[in-house]
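S.K.: Could you have a look at this structure, given as structure tokens, before my questions?
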Amino acid sequence: MASLRLATLAMMVLFGSCRAGATVFTLVNKCSYTVWPGTLSGSGSSVLGEGGFTLAPGQSVPLTASSRWSGRFWGRTDCSFDASGKGSCITGDCGNVLNCAQAGGTPPVSLAEFTLGDKDFYDVSLVDGYNVPLSIAAVGGTGDCRTAGCVSDLRTSCPAELSVTSNGQVIACKSACAAFSTPEYCCTGDHGSPQTCSPSKYSQVFKSACPTAYSYAYDDATSTFTCSNADYTITFCPSS
């Protein structure tokens, strides 16, 4: 489902021409625990932050992207890596390495997605599930530059059938598509259009808790935002 979201965003950039200059993404960790951000760039876009790095509590890291950059960011949790960068994460793992290169995060994972251009399109997506509170805030810019994200900790309200647990604790919340693999939850087959794929009771749990985040594949109207000539702050645990 994440690939569907990136493809949609990539098409959106055709509505605007490329702006000059660069965009700065500042990743901020307000969690009480270390987060290992992963980055995945779209076709033709440069890799940011070597694909992944460590972000300690209270730390921030700026990453500079070209004006046509597209891709996504996510947070990995409970990771352990050796000196060569090999290891694993309990949530959001990207192939047992610190630097994700061209591997996306293993669901369930909260995603911050971007396609930059004359108009930047951005969203926070829970289509692939949830693992870390996450927000995107535009810095400067003009347009519909509202903050997108999921501030709530969905692990505390995740339905039991979607819960991912470790040592008796809920550590992530799966999407209904991942949990049940049916067309009505995955928006595939006979349910593969906005007209035939409606919000489910599970996506409504996500939407109620996080009204500016994507809760299912066709949740565009209240979940995609546009801004021009802005930089962006991506915050893990924004309410902390």
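Just so it is clear, glycine is given a Cβ too, placed from its N, Cα and C backbone atoms.
Positions annotated as signal peptide by Swiss-Prot: 1-20. As annotated by Swiss-Prot, disulfide bond applies to C31-C237, C79-C89, C94-C100, C145-C227, C150-C210, C158-C173, C177-C186, C187-C197.
Quick one: where do these features end up spatially?
M.R.: For C79 (disulfide bond), the same-chain residues that are 6 or more apart in sequence and have a Cβ closer than 8 Å to its Cβ are T34, W36, G87, S88, C89, I90, D93, L98.
Here C94 (disulfide bond) comes close to G38, L40, G51, G52, R76, C100, A103, G104, G105, T106: these same-chain residues lie at least six apart in sequence, with C-beta atoms under 8 angstroms from its C-beta. Under the three-state DSSP scheme, C94 (disulfide bond) falls in the coil class.
Every protein chain shown contributes to the tally, and the Cβ of C227 (disulfide bond) ends up with 22 other Cβ atoms within 10 Å. Secondary structure at C227 (disulfide bond), as computed by DSSP, is strand.
For C150 (disulfide bond), the number of other Cβ atoms no farther than 10 Å from its own Cβ, over all displayed protein chains, is 24.
Around the Cβ of C158 (disulfide bond), the number of neighbouring Cβ atoms within 10 Å comes to 24. DSSP assigns C158 (disulfide bond) to coil in the three-state reduction, placing it in neither a helix nor a strand.
In the structure as shown, the Cβ atom of C186 (disulfide bond) sits within 10 Å of 21 other Cβ atoms.
C187 (disulfide bond) counts 21 other C-beta atoms within 10 Å of its own C-beta, drawing on all protein chains shown.
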S.K.: Using C-alpha atoms only, work out the spacing between C31 (disulfide bond) and C197 (disulfide bond) and round it to an integer in Å.
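M.R.: The Cα atom of C31 (disulfide bond) is 35 Å away from the Cα atom of C197 (disulfide bond).
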S.K.: Specify the count of other C-beta atoms within 10 Å of the C-beta of C31 (disulfide bond).
M.R.: 20
S.K.: About how far apart, in whole Å, are the alpha carbons (Cα) of C210 (disulfide bond) and C197 (disulfide bond)?
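M.R.: Taking the Cα atoms only, C210 (disulfide bond) lies 20 Å from C197 (disulfide bond).
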S.K.: Give me the CA-CA distance between C187 (disulfide bond) and C237 (disulfide bond), in Å, as a whole number.
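M.R.: Rounded to a whole number, the Cα-Cα distance is 29 Å.
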S.K.: Quick check for the class: what is the C-alpha distance, in angstrom and rounded, between C197 (disulfide bond) and C186 (disulfide bond)?
M.R.: 8
